[in-house]
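Participant: Please see the structure below; I have some questions.
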Amino acid sequence: MASSSLAGKVRKQPISDMAAFRTVFQKSKHVVALTGAGISAESGIPTFRGAGGLWRKYNAQDLATPGAFLANPSLVWEFYSYRRDLVLSKKPNPAHHALAKAEAQLATEGRRLVVITQNIDELHRDAGTKNLLELHGTLFRTRCTKCGDIAENRASPICPALAGKGAPDPEVPDARIPEQDLPRCVKCAGLLRPHVVWFGESLDPDVLMAAQQELDQCDLCLVIGTSSVVYPAAMFAPAVADRGVPVAEFNIESTPGTENFGFHFEGFCGSTLPKALGV
Ligand SMILES: NC(=O)c1ccc[n+]([C@@H]2O[C@H](COP(=O)([O-])OP(=O)(O)OC[C@H]3O[C@@H](n4cnc5c(N)ncnc54)[C@H](O)[C@@H]3O)[C@@H](O)[C@H]2O)c1
Ligand SMILES: [Zn+2]
C-alpha cells in the first residue's frame, strides 16, 4: 500500500478491498451516509457537473441562486417546474434501497444508520429511509417570500401558467410569465419560491446542528455520489476521517476528497453499495 505525505501528515492511499470494508461495517454501531447527486444518477436524474448539467443554454448552478430568482423568477420557476416533473417520474434505485434496508436491519440490532443528503429529490424518503437529514431542502416544498410560510407541494403543474413550460431544449424561448401568475402563497398571496437552499445561501442551522451531531458520534462514514467539492460534504467527511473514523467513498471516479478516505469503491453505486452493505 503506497503512502504519501500531505501537509505534514502521512496519508495512506485508499483501498478498495470489499472484504476489509465488510469487517469494519459489521463492527460499526453508528453509520452516517453522506449522499450527493450521484446516488440519483442511476434513477435518471442528472448531476449538475456531468453531462445533463445544462438546462436550455443555462448552467444549472447559475439558476439555483437567489440573484437569479430576483432577476427572473419566471425563468427560475420554469427550471424548477421542469425538475419537479422530471423527479416525479423517477424511482429510487438499488443504492437508495440498500441504505433504507441497511437502516432497518441495523435498527433490529440496536445499531444506527442515518442518511445526510444534499439531494432535493426525496428519493431516500421514497425508498423508506427514516433517519434522514435533507441539508438542501426538497423540490416538493415551497416557501413564501413574503410571510415565510413553508408548505408541502407535489402539484404538477404547480400553477396553471407553468403548464407545458420548462422544456429544457436550448431553442425553447423563455416563457416570461408575469409575477402574479407564478406560484402564490395561499395565506398572503406573496410570491412562492422553492424551499431549497440555493448557492450562496446558508443551511438551516437546526438541520446543520443535527448533521454535525451525527458526524461527531459516527464510527463509520460512507460518502456516496458526491464530488466532495460542494460544502458541506467537502468538509464533513475529511473532518470525520481526521478523528480516525473509517470513511468509505463510493463514486464513479476519484474526487478531491478521495485521498483523505480509507476506502474508495469505484463504480456505479447502484452496484457497489448493495454489495458493501450486504443487502
Ligand atoms: N438529485 C438531486 O437532488 C440533485 C441533482 C443535481 C444537483 N443537486 C444539487 O447540486 C449540488 C451538487 O453537488 P453534489 O456533490 O451532490 O453533486 P455533483 O453533481 O457535484 O457530483 C456528483 C458526483 O456523483 C458522482 N457520480 C455520478 N454518477 C454516479 C453513480 N452512478 N454512482 C456513484 N457516483 C456517481 C460523480 O462522479 C460526482 O462526483 C448539491 O448541492 C445538490 O443539492 C441535486
Ligand atoms: Zn405568504
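Yeah, the Cβs are placed from backbone N, Cα and C, and that goes for glycine too.
According to TrEMBL:
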- 11-279: domain 'Deacetylase sirtuin-type' (DOMAIN)
- 36-55, 118-121, 225-227, 251-253, CYS269: NAD(+) binding site (BINDING)
- TYR80, ARG83: substrate binding site (BINDING)
- HIS136: active site, proton acceptor (ACT_SITE)
- CYS144, CYS147, CYS185, CYS188: Zn(2+) binding site (BINDING)
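Just tell me what is around each of these and how deep it sits.
Facilitator: Within 10 Å of the C-beta atom of GLY36 (NAD(+) binding site) sit 26 other C-beta atoms, taking all shown protein chains into account.
For TYR80 (substrate binding site), applying a Cβ distance below 8 Å and a minimum sequence separation of six or more within one chain yields LEU139, GLY166, PRO194.
Sequence-distant contacts of HIS136 (active site, proton acceptor), defined as residues of its own chain at least six apart whose C-beta falls under 8 angstroms from its C-beta, comprise THR117, GLN118, ASN119, ILE120, VAL196, VAL197, LEU203. Mapped onto three states, the DSSP output places HIS136 (active site, proton acceptor) in coil.
All protein chains shown were included, and the count of other CB atoms within 10 Å of the CB of CYS147 (Zn(2+) binding site) stands at 11.
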Participant: Let me know how many other Cβ atoms fall within 10 Å of the Cβ of SER40 (NAD(+) binding site).
Facilitator: 26
Participant: Have a look at the binding-site residues GLY36, SER40, GLY44, GLY225 and say which one has the shortest Cα distance to CYS147 (Zn(2+) binding site).
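Facilitator: With Cα distances computed to CYS147 (Zn(2+) binding site), the winner among GLY36, SER40, GLY44, GLY225 is GLY36.
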Participant: For the recorded Zn(2+) site, enumerate neighbouring residues of the same chain (Cβ within 8 Å of the Cβ centroid of CYS144, CYS147, CYS185, CYS188, site residues themselves excluded), in sequence order.
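Facilitator: So the extra residues in range turn out to be THR145, LYS146, GLY148, ASP149, VAL186, LYS187, ALA189, GLY190, LEU192.
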Participant: Taking the Cβ of PHE48 (NAD(+) binding site) as the centre, count every other Cβ atom within 10 Å, in any protein chain shown.
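Facilitator: Within a 10 Å radius of the Cβ of PHE48 (NAD(+) binding site) lie 16 other Cβ atoms.
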